[in-house]
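Participant: I have a structure here, written as structure tokens, and I will follow up with some questions on it.
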Amino acid sequence: MPELPEVQRAVKLIRRVALGKRVLQVDVAEDNLVFSGSSSEAFAAEITGRTITSVDRYGKVFYVILDGEGKMPVLHFGMTGMLQVKGEQPMHYKEAPQKVSTIWPPRFMKFNLHLEENTGDITQLAFLDARRLGRIRLRASPTTEPPISELGFDPILSMPALDEFSSLALKRSCPIKALLLDQSFSAGVGNWVADEVLYHSRVHPEQRSNTLSPEQLQSIHQELPNICRTAIAVDADASKFPENWLFNHRWGKGKKAHGLKLPNGDPASIKWITVGGRTSAYVSELQTRRHDHAEKEERESDQTSLGEDHHSQEEPNTGRHRRRTISATDGSCPKKAKTRSGNKAK
């Protein structure tokens with residue numbers, strides 16, 4: 001799934017090719033799932049004839065501000081969403097396929113904007129989504145309405161101070177990896193960003209949030225915006241990520257991963273576990289799970305093995321049924337109030 005750095009790259013693309021241009025025409029594909037809360041025809045009618053004045057992002061959501069009265073497009077890529085400019089390569093997540101179609105409109109197109117410059121030149125920009133998990137919405141006030149209003153802090157736009165961040169994390173008992181993936185806690189953080197942050201912080205992905213030491217909290221607080229900024233600086237181009245990043249080696253599950261070294265030069269052992277329903281990569285020599293009294297109590301009241309969902313389960317007991325509630329240990333994080341901090345996206 002495209003994460004904060006990849007979405008920021010998309011924002012940069014729209015600013016480059018669409019800012020200040022008028023939406024002359026909108027081609028749409030009928031899709032009542034991707035066009036959430038409105039039809040594709042309503043989307044086209046709402047934005048046609050208006051000029052794009054700004055483009056911004058909050059978390060994994062990006063939105064387009066248009067002139068005049070009316071609603072604004074608010075977009076989310078889902079798992080496979082992407083943008084493509086006619087005449088340019090599509091913005092694939094992670095890596096592009098060996099063969100790229102030159103057919104236009106491209107396959108899996110949901111909308112295609114015909115953008116007119118003052119000179120009369122036309123640029124075409126398409127939103128594609130093969131798996132239909134992306135969402136295209138219309139909102140009168142993008143930053144104060146769902147989905148953005150339901151998100152937590154953005155590591156770039158509204159990272160809370162260390163004291164506030166620590167307080168928020170210590171109130172939660174789920175694994176830290178699951179907490180970072182919770183968009184109501186940290187908006188924009190996805191699987192690879194969370195793994196990278198925890199690797200550089202030397203924190204095991206399964207460690208309970210309420211057992212983190214002050215040093216661990218400080219490291220996570222520092223690495224979270226640092227990892228995002230470093231990726232943004234190279235337009236989320238994975239080939240330009242630092243050589244010492246786990247990202248360059250984490251995709252080898254089921255294969256023999258090579259290349260990552262420990263600080264002393266020895267080969268690092270990359271292992272994979274499931275946390276929060278997602279595959280998590282970590283280096284076992286550097287990321288050890290820290291246990292203390294708080295976590296011991298949590299484990300004693302939570303005997304669910306990895307992979308089980310949060311549910312109530314009937315259990316036989318000498319001819320009668322006894323109900324017990326089981327909390328997930330696969331990393332699901334019970335929802336709390338959103339944790340947005342600082343200034344909202346503008």
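Glycine is no exception: its Cβ is also placed from the backbone N, Cα and C atoms.
Checked TrEMBL, it gives:
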- 287-318: compositional bias 'Basic and acidic residues' (COMPBIAS)
- 335-346: compositional bias 'Basic residues' (COMPBIAS)
- 2-134: domain 'Formamidopyrimidine-DNA glycosylase catalytic' (DOMAIN)
- 287-346: region 'Disordered' (REGION)
Participant: Along the domain 'Formamidopyrimidine-DNA glycosylase catalytic' (2-134), what average pLDDT does this model show?
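Facilitator: The answer is 94, the mean pLDDT of the model over that range.
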Participant: Which residue counts does DSSP yield for the domain 'Formamidopyrimidine-DNA glycosylase catalytic' (2-134) in the helix, strand and coil classes, in that order?
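Facilitator: Going by DSSP assignments, the domain 'Formamidopyrimidine-DNA glycosylase catalytic' (2-134) contains 23 helix, 46 strand, 64 coil.
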